[in-house]
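The region 'Disordered' annotation in Swiss-Prot covers 1-31. Here Swiss-Prot flags 2-145, 206-211, 261-271 as topological domain 'Cytoplasmic'. Residues or ranges marked as N-acetylalanine by Swiss-Prot: 2. The transmembrane segment feature in Swiss-Prot is assigned to 146-166, 185-205, 212-234, 238-260, 272-292; the stated evidence is sequence analysis. What Swiss-Prot lists as topological domain 'Lumenal' is 167-184, 293-347. Taken from Swiss-Prot, the feature N-linked glycosylation site covers 334, and the record attributes it to sequence analysis.
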């Protein structure tokens, strides 16, 4: 039993030198553990490096394509970009213009809104103030109340314009330097604004307690008497009737304004100067409106210049008979000449 085992062990122990290291490793290391520290660290990261490289190449290709596309768009859309910039500028200018117009409209509405309180009045109040403008009140110790609105005076001025137009058309007035409407509007508004400003200046010098708005309202309502007088006398052409209404109606409206100014002025000299100037201007303006646009003007011109006679007018005259023997032929000639003249005039 021991003899056959010897060769096996001898064979094993007598192995060649090429198997010596292997046997030493098997005999010396009884464990199959692999030392990971001695492994190459770069052996497992080769796939990751390839992925990063591929991704980098793709990004570079995308960037190159984008740059090329931008260059092509810049070359192709050069004129289109200029047009787009021009359209934006035009749109901006239109927006600015619309904004300016809107601001102007808003400012205009704001200005109209400022004037609204001066025209906010009821028709009943206007009617009562028209009647009060014809009734003078004697009250000197306290200032009389003056309406601070412009609706009634403005309507009276326009009414006076319409009456003047009616008077111009009925009297066949010829205005060479302007139209009838322009002349009437200029006359009425010029008197209202001009005289109001002048009297306000005198009131300031005379230390009267009245404002420009009150002066406009006072003189505007004072034109109510002028409207009544002119409306009646333009349709009824009687001088006596005009002078009667001029003294009564025009005088009442003037006395009303004078009473208001007297109550607001201190000192007899100042009162005389201010009230006398206003009364003279108001009454003379009514005379001017009557005689400037009435048929009386034509009668005055005819009286001063004489009747209209044609420059050359042929009148048949008798031929004097010098000798008694020639009386018969001369009588025949005169009769013939008269007959011819009558025949020519009939044709």
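Using N, Cα and C of the backbone, Cβ positions are placed for all residues, glycine too.
These figures come from a predicted structure and were not determined experimentally.
Panel annotation: around the topological domain 'Cytoplasmic' (206-211), residues 143, 146, 148, 200, 218, 261, 264-267, 270-271, 273-274 of the same chain, lying at least six beyond its termini, place a Cβ under 8 Å from a Cβ of the stretch. Using a Cβ-Cβ cut-off under 8 Å and counting only residues 6 or more beyond its ends in the same chain, the transmembrane segment (146-166) has close neighbours at 118-121, 125-126, 129-130, 180-181, 184-185, 187-189, 192, 210-211, 213-214, 216-221, 223-224, 226-227, 230-231, 234, 260, 289, 293. Sorting the topological domain 'Cytoplasmic' (206-211) by DSSP state (H, G, I as helix; E, B as strand; all else coil) yields 0 helix, 0 strand, 6 coil.
Looking just at the topological domain 'Lumenal' (293-347), the mean pLDDT is 52.
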